[in-house]
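Since the structure comes first, as structure tokens, the remarks are kept for the end.
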Amino acid sequence: MTPEHLPTEQYEAQLAEKVVRLQSMMAPFSDLVPEVFRSPVSHYRMRAEFRIWHDGDDLYHIIFDQQTKSRIRVDSFPAASELINQLMTAMIAGVRNNPVLRHKLFQIDYLTTLSNQAVVSLLYHKKLDDEWRQEAEALRDALRAQNLNVHLIGRATKTKIALDQDYIDERLPVAGKEMIYRQVENSFTQPNAAMNIQMLEWALDVTKGSKGDLLELYCGNGNFSLALAHNFDRVLATEIAKPSVAAAQYNIAANHIDNVQIIRMAAEEFTQAMNGVREFNRLQGIDLKSYQCETIFVDPPRSGLDSETEKMVQAYPRILYISCNPETLCKNLETLSQTHKVERLALFDQFPYTHHMECGVLLTAK
């Protein structure tokens, strides 16, 4: 695979290899055949980051080869959304011959939605001033004149200039209902929107008919908790990043959901609060004991669950675990399988043509 060529003819084979690999990894814990969810074979990534290379008068996007660390010029990127590809061309054309926008520009980040909105961030090794803002506003207006619904942001050390706004609103069709998700620049969002829809629908399916409340750790912008709110009496969710919490609060209102409570704290802190080890001012007015959480949802970082959180989740009858790293999932299952068994197993091809796998398991108490 090269950045400008996807081996789409190999899609089925690479997916089949992942299924076999996941089954092998999960064999000590389950003999289930994974439910398999396919990605679009191209234009599936809704975000991308590129370094910018200055070559005489020329200017272009590059990425670095992971093995050799050599530079690879990238003029098109079929893994990314069609809107990102349009913007890549338009941004280079708009910046290449503009000394103010070009000088000391070293990276461009793109974030797009299925609803065809975009935030583009330009990163600089220099101070950004009013002249930069004026030129950036002219570029933004020129892009919009090309029917590109784009917001521009300039970033430098300790500086962030958002010309209009630093977010876009995604609209996802999930189980016959449109979900609105505010996505903030430089915050985590699911990279493959088509796969995200399938993950949300799978999570809804495995939790249908649920009793009681849902507890979610690492909720981000509320991606899963808002979609799952329909299946539970109440949802209590934690997230540490301020921009994500603010986006989640907006998303609760935008989707007219009244049974979700977001708390800004780390999973480890919440574990301490639940166990009565510490009290937190942030929890004033929230009666944790009133929640009857029969199900806990975790979507941890690549490092998986820490040992304290492992112990904490074992107290719940049902554990829904979305993993972006099956190796750490299996490490966690060494502990979780002592008290729970795997009821459902899914493979989500979030990153086609790469070694990476995303998977989901539903665990129920033995």
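Cβ coordinates come from backbone N, Cα and C, glycine included.
The annotation active site, nucleophile is assigned in Swiss-Prot to Cys324. Cys324 (active site, nucleophile): 19 other CB atoms within 10 A of its CB, across all protein chains. DSSP gives Cys324 (active site, nucleophile) a coil state; it is part of no helix or strand.
DSSP assigns Glu358 (active site, proton acceptor) to a strand. Over all protein chains present, the Cβ of Glu358 (active site, proton acceptor) has 23 other Cβ atoms lying within 10 Å. The active site, proton acceptor annotation in Swiss-Prot covers Glu358.
Around Asp299 (S-adenosyl-L-methionine binding site), taking its Cβ as the centre, 22 other Cβ atoms fall within 10 Å, counting all chains. Taken from Swiss-Prot, the feature S-adenosyl-L-methionine binding site applies to Gln190, Tyr218, Asn223, Glu239, Asp299, supported by sequence analysis.
Of all Cα pairs drawn from Gln190, Tyr218, Asn223, Glu239, Asp299, which the record names as binding S-adenosyl-L-methionine, the longest spans 15 Å. The Cβ of Tyr218 (S-adenosyl-L-methionine binding site) lies under 8 Å from the Cβ of Thr238, Glu239, Ala267, Val298, Asp299, Pro300, Pro301, each of these being in the same chain and 6 or more residues away along the sequence.
According to DSSP, Asp299 (S-adenosyl-L-methionine binding site) sits in a coil region rather than a helix or strand. Spacing of Asn223 (S-adenosyl-L-methionine binding site) relative to Glu358 (active site, proton acceptor) is 16 Å (Cα to Cα, whole number). Taking the Cβ of Gln190 (S-adenosyl-L-methionine binding site) as reference, residues of its chain lying under 8 Å away and at least six apart in sequence are, in sequence order, Met46, Asn196, Met199, Asn223, Gln350.
In this structure, the C-alpha atom of Glu358 (active site, proton acceptor) lies 4 angstrom from that of Cys324 (active site, nucleophile). Counting every protein chain shown, 26 other Cβ atoms lie within 10 Å of the Cβ of Glu239 (S-adenosyl-L-methionine binding site).
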